[in-house]
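Undergrad: Here's a structure for you.
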Amino acid sequence: MMKCLFLLCLCLFPILVFSSTFTSQNPINLPSESPVPKRVLDTNGKKLNPNSSYRIISTFWGALGGDVYLGKSPNSDAPCPDGVFRYNSDVGPSGTPVRFIPLSGANIFEDQLLNIQFNIPTVKLCGSYTIWKVGNINAHLRTMLLETGGTIGQADSSYFKIVKSSKFGYNLLYCPLTRHFLCPFCRDDNFCAKVGVVIQNGKRRLALVNENPLDVLFQEV
């Protein structure tokens, strides 16, 4: 009996030594529970600050460029400028500064729900006409246009995300938390839609798109 136990120990000893050597020199890296969120950066490589103002600029120059600005929507009866546009070139006026207001926390991360607000002096009447939202479907353009008149913390029409572009810079997404059926463009796994550009009365208007999202950068003011 003792002889059998001795032989068994001799057989198991190399396996134990190999296992110890393998795990110490070649540790098994198990995947983490969730990826570490990345902070959104401005054109200087600084982390975006909810208390700072930024211009949303294009990643392209010349006729392909152009900053985002607040303008009057065609045929609108709103008492204040209520459209989110992009200049037709980066040569000319600068865009309207915005600030980003995260749903929670004091930092701005990629793929995080937030509100976007034009950060400009305004009269009391126009206070709500600085907060971005997505309007109803425009039958002529067959899309949903970005406009102002939103509400901070409003779940259905005023929440956006900043995500890394597959090309360069960042993309903006519109992400309603509820009533997804009201957004036929919100087709990804998170019920978000890409923000791009359409032409409205000769102007570049920000709108929801299926392809060619707008690649942007954030320049601190």
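Each Cβ is built from the backbone N, Cα and C atoms, and glycine gets one as well.
Quick caveat, the model's predicted, so the values are computed rather than measured.
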Undergrad: Of 26-31, 62-67, 86-91, 110-115, which range does Swiss-Prot call motif 'Vacuolar targeting signal'?
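TA: Here Swiss-Prot associates motif 'Vacuolar targeting signal' with the stretch 26-31.
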Undergrad: Consult Swiss-Prot and report which candidate among Cys80, Cys175 shares a disulfide bond with Cys126.
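TA: So the cysteine that Swiss-Prot bonds to Cys126 would be Cys80.
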Undergrad: Could you state the whole-number distance in Å separating the C-alpha atoms of Cys186 (disulfide bond) and Cys80 (disulfide bond)?
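TA: Taking the Cα atoms only, Cys186 (disulfide bond) lies 28 Å from Cys80 (disulfide bond).
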